[in-house]
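K.L.:
One structure follows; several queries about it will come next.
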Amino acid sequence: MIRRNGADQPQKNSLTSEAAMDVALQAQGSVSYRAVFQERSGLKLNPFLGSFQHGRLSHFVQFSSWPKVHPASGISYRVIANAAGRDYWRRKPRKMSTPRTSRPKGFGPKLPAGTSTQKRVQRNIEDKKDSETPESSELAEANKTVLEMNVDSEKQWAVEVSPPEKLEEGKTDETSGEIEKSSSVREVPAVRPSKQGVENGRIGTVSENDTGLLHKKEDIEVGNENVADVTSRGRDKKATKSNYTLTNKSVETEIRLVEEASLKLKLEIQARLCREEIEKLAEERFSRGDKLFVYPQVVKPDIDIEVFFNRSLSTLENEQDVLIMGAFNDWRWKSFTRRLNKTDFKGDWWSCLVHVPKEAYKMDFVFFNGQSVYDNNDMKDFCVPVEGGMDAFAFEDFLLEEKRRELEKLAKEQAEREREAEEQRRVEAEKAAREADREQARKHTQERRKMLQEVMKKAVRTVENVWHIEPSNFGGDDLVNLYYNKISGPLAESQGIWIHGGYNNWKDGPSIVSRLVRSEKMGGDWWYAKVVVPYRAFVLDWVFADGPPEKAIVYDNNRRQDFHAIVPKSISEELYWVEEEHQIYKKLQEERRLREEEKRAKAQKTARLKAETKERTLKRFLLSQKHIVYTDPLDVHAGSLVTVFYNPANTVLNGKPEVWFRCSFNRWTHRKGPLPPQKMLPADNGSLVKSTVKVPLDAYMMDFVFSEREDGGIFDNKCGMDYHIPVFGGIVKEPPMHIVHISVEMAPIAKVGGLGDVVTSLSRAVQELNHHVDIILPKYDCLNLSNVKDFGFNRSFAWGGTEIKVWHGKVEGLSVYFLEAQNGFFWRGCIYGCNNDIERFGFFCHAALEFLLQSGFHPDILHCHDWSSAPVTWLFKDHYMHYGLSKARVVFTIHNLEFGAHFIGKAMAYSDKATTSTFLGMTKRTDDCKKERTEGTKEDFQKELEMVREDLKKIPRLEQGMALMLEKLDKLMCQRAEYDREPTPTERRTTETQLAAAGGNRAEF
């Protein structure tokens, strides 16, 4: 919008002259904008360019940001500057009498229309978003006040006010009067922000902090080259860019301050409301005589709560300090201690803040004075439930998961430590081995040097009429002729002559082999051979023969002294022996490396075979009862789902309409107890039924039985043993058991038959499962103590009228206690074969139990073997079970039913668990790991089996084992029938291969 004063003239009349330029006019002095505006408002001055009567030029300068931040009360303002004539700019500007010289912000020079700089500036302004700069039409809206300021170039500034709503006349007059007193108009190169405000009715520079943001500022440059104050255009642009940056920062700062103030106010209101609510609660609880309360009253996870404690109702009423000590989830999670501060609520209330973790379901705590005075709620402790979080079972699972992660971390750290320790041991061993190899190389070098010096004493350059070398002065790598007089020795009748030679006392063996030819140059029967002297030779060694090596028959070896010749031009002796020692050292290192690689490969092969054997054994065990029960997957892992398949047709539940599954873990000792009975569902295949359970993370064994009804009825519990399946990968390992074997044999120190092999191999296998195994053995005078490590005296005790000395040692890594009775029962030079074997072994069984009792041992399992240690079963039950060894359970293993059937039957009646190994001497182990048939005819063997069958029927309490025993006997009969025929070559090779794979430890069927 363009306003003109006076008659309109063409715009070009005022712009075509070279002197036509825009001028920035500034109104000096400060006018309080707060007096002009009813509210905090922005002054908006529209820039205007045009020609007017009398050559006046008007500018409307727009302050774009004021209306945004400080909207006026319906008032618009327009400032008009007039200039008298086109030559006005060439005259020296007059100074006005106004004493103030401050420059108002927002006025600046503007280029004439049409100049390139002005167009560029206008384009930059137009490129801005419309939302940042209000349109000029906004100033012309209704209910706006137009403040028109006419500035005469020679005399004064004029301000015209035309409000649609009435303004206070006093303020308007004051403003107009102050403007008329303006004394100077100055040109400025740029407009800079000022911190001056509008005071005392004067128009001054407007501060950005007071008026808000200036989203857009106009760059008005002076185009007249005669104006001395005009700066470069580039500096103006930089100043404008800086102004925009400052403006944006000011916007962000003001917004942030407003938000912070709002948030602060909101928090203050909330705090006041909370305090009022807490004060009300404190009065209510004090009137009821409550000792404590918490705020908020409903405690939830992962928040801060305030605990209030009424000291006057506590045992701490006379204490100066009050502290709270507590933890979460039954004192199992994140303990804390806080000091309470006294409040100003009614009553003696003390309080502190406590953070509730997200894993909490209960907070437990007590109060104390920091020393020994406690208030623990009459020994019950204080507790506050936490709602909306975990329950006890979820927390247990969380702890298990935390423990699993911790165990994994510890396992990694342990593996890293072991790796570092192993690396350190390897480095130290390598260093020690290198030193040993160097020492050995040094020793070998000294020995060889001494032997070579002895040979060099015997060496000569020639032997007249026997041998000589041409040329006589030779050295290493020289080609020489070695001459030999054939008739001088035992080869005179030989048709051909060969030289077998070496150097330096045959260091590398016969390294020189060549056939001699007859020489025609010399008299006699001389023969010669061309020989290359080794580079490092001091002495040449050789003999003559009638043929090459391995074919020669007649030798001339200088009467068993060999021939030796000095090498005149040899290398330095010291250098040779240094090199020789280094070569010996390298050879020893290579030999050691090969031995270590062979040892390592053997150990890896052994470990691999052991792992494969354990895997096969486990799989065979899991599949051994597949006709009754099995799982999917076969290997049960902690934290996974497992489906149990059951075939009731092969059990006591055959024909029952329903089958119920009852399960627990860790041998029925799991923290969650037995799971609720589950009705098993029909499976897809045949008569099987199935049930699915979740295996907890802390399980190491899965235990289950089956019943016909939910409330019980008939059970299938595997004849009282229950069904057990191992669980892998759990964070809780099965507690190790203490197992004691009482035996009269043990391989390899006291072995007669397969019993000794079973005791050793079974003990090692159980010990590898992290159980503690001890073996008690008589100390025979025929023991092979060379296989006993760390053998030494342990203790002695008296029993049975004699002293019994106890010795201890390690046999194949197993702990073995040897009992040596001073009555001479085991000083017979043999294990079996004495006429009082029953008395000897009975004494040993009783002494072994007495040793366990007096030593304070409390084994979990006593394992006795065959008839020789069978008395342990009834001696334990009759004399020791109620006198200190009540924890133990007795296992009895039959290895041979051929001897002591009466003792075996009695032991099976008294034992808690009876097992079998090899039977009836059916097979026996031989040195070549083959099976031999038992002596006797088939009829004799059949008669023996029938007698054993009858004896077994007489053994009491054998119902559980009878079926198995008879089944074994039937298999034995079938196997015996197979032995009566010779095996085919294919069967023989298969049997030998299986025995070789098994290592030939023992023969079983």
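Glycine is no exception: its Cβ is also placed from the backbone N, Cα and C atoms.
Okay, these came from TrEMBL:
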type	residues	note
REGION	93-207	region 'Disordered'
COMPBIAS	123-132	compositional bias 'Basic and acidic residues'
COMPBIAS	152-184	compositional bias 'Basic and acidic residues'
DOMAIN	302-387	domain 'Carbohydrate binding module family 25'
REGION	414-447	region 'Disordered'
DOMAIN	477-568	domain 'Carbohydrate binding module family 25'
COILED	578-615	coiled coil
DOMAIN	639-728	domain 'Carbohydrate binding module family 25'
COMPBIAS	978-991	compositional bias 'Basic and acidic residues'
REGION	978-1005	region 'Disordered'
K.L.:
Is it possible to list how many residues within the domain 'Carbohydrate binding module family 25' (302-387) are helical, extended or coil according to DSSP?
P.N.:
3 helix, 44 strand, 39 coil
K.L.:
Checking distant contacts: for the region 'Disordered' (414-447), what same-chain residues at least six beyond its ends satisfy Cβ-Cβ under 8 A?
P.N.:
577, 580-582, 584-585, 588-589, 592
K.L.:
Across the domain 'Carbohydrate binding module family 25' (477-568), what are the DSSP residue counts per state (helix, strand, coil)?
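P.N.:
The domain 'Carbohydrate binding module family 25' (477-568) comes out at 3 helix, 39 strand, 50 coil.
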K.L.:
Averaged over the whole of the domain 'Carbohydrate binding module family 25' (477-568), what is the pLDDT?
P.N.:
90
